[in-house]
Amino acid sequence: SPPQGPKMLNMTEKGKAGKIQLPREIFQSLSSRTVRVVVTVLNIQRLGMFKVRAGIAHIPLAASTPCRLGSGSVSPTQEVNQMGQVLDDTVVGITVGETSISGLRNPVQLAFTHGQLPNGVTPQCVFWDPSKGTAGGWSSSGCVTQPGDKGTVCSCNHLTFFTLLLNPALDRSTAQSLMAVATAGCGVAMAFSIFTITFCIFLRCRFRSEETLRTNLGLHVNLVGSLLLLNLAFLLNSGLSGGTQPRTCKVLGGLTHYCLLCCFTWMMLEGCHLYLLFVKVLGTYIHHYLAKLCLVGWGFPALVVGVAGVIGSYGEYSLQTVNHQVIAHLCWITSEYLLVHYITNCGYFGLIFLFNMAVFGLVTQKSCCLQGPGAVQGDRKTWKVALGAVGLFCLLGATWALAFLTHGTSSAPVLYLFTILNSLQGIFIFIWLVFLYYPKTKETAGSLSHIIRHDKTITVSQD
């Protein structure tokens, strides 16, 4: 602090100190043979500096004068969360001589030492830019954030006041609002999932002789059934996770993971079925076709969850702010086993989505190119074709792709969009089935068989 004046780091402070590496380029450009290198470490909480409140920044003039940005080029300004928390309330200023230094080809590297950050918190290297906003603010232009051995490394092409800004994943009010929206959406989706299953069973009973139609409807029933179980598991999870016993929480976390993997797997099977029905078109007969699909759709996720449970992946997962304040409890994959989440959820769905989108493109191309008795009818309304495409897109997991866009983001509008669309997937499938199936059940043998019939062959059949 200023009354005490500058001092050397003692051993206690040195244990948590970072590291600074200056490139040779800085000293080669100086005309003087002797220069003074000054590193200033400021505790902004005690000094009341570098504060951003309601768009107004506060920094004493004396703190901004030692180092000025030069006219060198920097990278375009990136978005910075001005309300993020500064790591340990510490800002590091670097000056070399009396010259402003910027536009370095070899960057200055600052290693900020810190422990494991709370779940969802994203570190970002920033510097204080007096020209930002009305009275200055944090900027990341010219700085690159990289993970280090014991913390985070900032590589910047200029000298000024640097710090590591911790961007919170969610605040308490936003998390509570998202949970309320997700709960309401899941409740509505469960009701429409029940309507969809009832509708599909009705059609299967009414058109017993249409094997392809019955197979398609059986697939849809299993997919919608997995969505129903997933929504139910989420409601149980959000309602019971706060006060459950550790063993019960492990079971609930495994059940939620199982329902999620079942949902992903049935999306993949829908894509495989479309490929066999409309792309491969071999007229082959598969014995007990739907039963084999059920074995994969419900059995493979059980195998994955069983392995994850044996290694102890499930337990209480807490969403926290940068101040380590818990804003939500879930029974899920614990923080120590995040690799299980990335492999079994993110990686697994990524492969499924890429495959389904490739099938979607092939089916769309084939439906547009085929001519003759199996071509698209000329009197078919465009909006019905568009509705069928959108519904099929949703059926193959398009809404879940937003999870990759929102993973790790703190943007509330994007999170709300993903929560609403994903919780309403059951409604989209119900509307698609009603509009696409019911008016055409007397004329077709499947969900898209009125669009394509190749050489009057049926690709997939079952006992």
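Start at 1 and count along the chain as shown; that gives each residue its number.
In case you wondered, yes, glycine gets a Cβ from its N, Cα and C as well.
TrEMBL entries are annotated by machine, without manual review.
Computed over the domain 'GAIN-B' (1-172), the whole-number mean pLDDT of the model equals 70. Annotation source TrEMBL lists domain 'GAIN-B' at 1-172.
According to TrEMBL, the domain 'G-protein coupled receptors family 2 profile 2' annotation covers 182-437.
According to TrEMBL, the feature transmembrane segment maps to 178-205 (among others).
Tertiary neighbourhood of the transmembrane segment (217-235): same-chain residues 182-183, 186-187, 189-190, 193-194, 196-197, 200-201, 203-204, 252, 255-256, 259-260, 262-263, 265-267, 269-270, 273, 290, 293-294, 297-298, 395, 423, 425-426, 429, 433, 437, 447, selected by CB-CB distance under 8 Å and a gap of 6+ residues from either end. Residues or ranges marked as transmembrane segment in TrEMBL: 217-235 (among others).
Outside the transmembrane segment (255-278) by six or more residues, the chain places 212, 215-216, 219-220, 222-223, 226-227, 229-230, 232-234, 236-237, 293, 296-298, 300-302, 304-305, 308, 314, 331-333, 344-345, 348-349, 352, 355-356, 359-360, 362-363, 366-367, 392, 395-397, 400, 446, 448-449, 452, 454, 459-460 with a CB less than 8 A from a CB of the stretch. Feature annotation from TrEMBL assigns transmembrane segment to 255-278 (among others).
For 290-311 (among others), the entry in TrEMBL reads transmembrane segment. Here the transmembrane segment (290-311) has Cβ contacts under 8 Å with residues 215, 218-219, 222, 226, 250, 254, 257-258, 261-262, 265-266, 269, 273, 333, 337, 340, 344, 462 of the same chain, all six or more residues outside its ends.
The transmembrane segment annotation in TrEMBL covers 342-364 (among others).
The transmembrane segment feature in TrEMBL is assigned to 385-403 (among others).
Among the features that TrEMBL reports, transmembrane segment is placed at 415-438 (among others).
Counting same-chain residues at least six beyond the ends of the transmembrane segment (178-205), those with a Cβ under 8 angstroms from any Cβ of the stretch are 170, 213-214, 217-218, 220-221, 224-225, 227-228, 231-232, 234-235, 238, 328, 415-416, 419-420, 422-427, 429-430, 433-434, 437-438, 441.
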